[in-house]
Amino acid sequence: MNYAFLPDLLALTILIVILLLLRRDHAQRQTNLWLLGLFFTLIESSAHIFYGPNGPPGTTLHTIVIVCYLLAGLVFVWASGNYEITDRKSFLFLLINSVPLLALCATYGLHLFSKTAFLPWIALGLILGVATSLYLRRSLITALVLAIGWLGMGLLASDGRYRQVVYWCLGVVYAVATVNFYRKLPRNSTGRLAIITGFSIWAFFFFLHPFIVTYRTYADIASHIWNMQKSLISIGMILVMLEEQVSNNRWLALHDELTGLANRRSFEDRLSIALDRCRRARSTLALFMLDLDGFKQINDTHGHHAGDQLLRHVAGNLREHVGHIDSIARVGGDEFTLLACDPSLVRSVEQLRDAIREATELPFFFDGHKLSVTASIGIALYPDDADDATRLLRIADLRMYSLKQERTPLRHIRLDSVPSLTASGRFRSRTASGRF
């Protein structure tokens, strides 16, 4: 047994356990694939502890090591890929082309060093690579690249350089994973740097292995670097997951999770910024406050799931059908707010109001039922009605409430001149709770 590998194996095991714990709050396809790739790496590291150079046990363990290297690399290629074709075709492309690679790795691991053992698999790889590139990927360039690669391996095998055939294949697989991760992961991510560095080292040492293996001193140093990058990649994956969680938390702090629109906090910030911009430009700002009439009835009759679907439906329609709007937010259960800066330049306030109403009242189907709501829309203008965010929100709210109660709409409101309205129970409850 080679106990020198135990510390690296223990470190890798701990990092995989940490990834498993993080997966509970971060369940997704990418994380599962990362764990699968690291699982094959763990098997490879475990086999190294019992590895011996001679005899059937050594041959078997050598095969396990080489095959696990390839399986881990293929999983990482799939996890890092960003394909334009459908997932099913991408998976078939990778699966079919992995068959001759697996056969070559197993052949080398079993020490079957002969042209008759290697060349048939290389020929199969050439045929499958070209065929799948043309049929599944519809790419002549991919077919040419794979053809050149397999022909190159055929030349190496014909010259008896079987180690180069296998290890350079592994180097190419890990180089592809490196490039894919470079393209896929966020550019400002620390985890991305660790992952790319780790996979670059991995690919480099696969290419270097046939030359350095004959120099014992350098081979030992390379072995330590080889094991170091496995932990580096694991740490990088943990960092990426943590960074994504932080980014997701930041997004949730400023957005409504159900609809994806801005939430109240974000809208208030945007309103303040828009007012400052309008003051400097001496332009007009229109604030629309929208309440859904009939939402409660749908929610009570068809359930909360129908209500959630309705809110998503309305949010999507507002985004898609209402143009020249600077910001849309969901600020309450069935309340939305919209901002339009200098609306007179493109569409009148009345036209925007009508567009908002039409988008809101578009019907949708739920469980075989055609459902729809109507809209009560309160409007407040800067600088005509008020010159600060708090007063604009209150005026728009009061006008919306007036429409909802089927009273005469209040077109011009000064808060200090309508004490009866500002004393209404609904308004008091909002101001007391700090909603505006």
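Any Cβ shown, glycine's included, is placed from N, Cα and C.
Please treat TrEMBL annotations as automatic predictions, because they have not gone through curation.
Look at TrEMBL and you will find 283-418 tagged as domain 'GGDEF'.
Sequence-distant contacts of the transmembrane segment (6-22) (same chain, six or more residues past either end, CB-CB distance under 8 Å): 31, 34-35, 38-39, 41-42, 45-46, 49, 227-228, 230-231, 234-235, 237-238, 241-242. The transmembrane segment annotation in TrEMBL covers 6-22 (among others).
If you look up TrEMBL, you'll see 34-53 (among others) marked as transmembrane segment.
Long-range neighbours of the transmembrane segment (59-79) within the same chain, counting only residues 6 or more positions beyond its ends whose Cβ lies under 8 Å from a Cβ of the stretch, are 30, 33-34, 36-38, 40-41, 43-44, 47-48, 50-52, 90-91, 94, 98, 101-102, 105-106, 108-111, 166, 169-170, 173-174, 176-177, 180-181, 199. For 59-79 (among others), the entry in TrEMBL reads transmembrane segment.
Long-range Cβ contacts of the transmembrane segment (91-111) within its own chain (Cβ-Cβ under 8 Å, at least 6 residues beyond either end) map to 59, 62-67, 69-71, 74, 77-78, 85, 117-118, 121-122, 124-125, 128-129, 132-133, 136-137, 146, 162-163, 165-166, 169-170, 173. Taken from TrEMBL, the feature transmembrane segment applies to 91-111 (among others).
Annotation source TrEMBL lists transmembrane segment at 117-136 (among others). Residues of the same chain lying 6 or more positions beyond the ends of the transmembrane segment (117-136) and with a Cβ under 8 Å from any Cβ of it are 85, 89, 92-93, 96-97, 99-101, 103-104, 107, 142-143, 146-147, 149-151, 153-154, 157-158, 162, 165.
The transmembrane segment annotation in TrEMBL covers 141-158 (among others).
Per TrEMBL, the feature transmembrane segment maps to 164-182 (among others). Sequence-distant contacts of the transmembrane segment (164-182) (same chain, at least 6 residues past either end, Cβ-Cβ under 8 Å): 66, 69-70, 73-74, 76-77, 80-82, 101, 104-105, 108, 118, 122, 149, 153, 156-157, 192, 195-196, 199-200, 202-204, 206-207, 209-210.
With a cut-off of 8 Å between Cβ atoms, the residues of this chain six or more beyond the transmembrane segment (194-212) that come close are 76, 161, 163-164, 167-168, 170-172, 174-175, 177-178, 181-182, 185, 218-219, 222, 225-226, 228-230, 232-233, 235-237, 239-240. Residues or ranges marked as transmembrane segment in TrEMBL: 194-212 (among others).
Long-range contacts of the transmembrane segment (141-158) within the same chain: residues 97, 115, 118-119, 122-123, 125-126, 129-130, 133-134, 164-165, 168-169, 172, each at least 6 residues beyond the stretch ends and with a Cβ under 8 Å from a Cβ of the stretch. Secondary structure of the domain 'GGDEF' (283-418) per DSSP, as helix, strand and coil residue counts: 60 helix, 35 strand, 41 coil. On the 0 to 100 pLDDT scale, the domain 'GGDEF' (283-418) averages 83 in the predicted structure.
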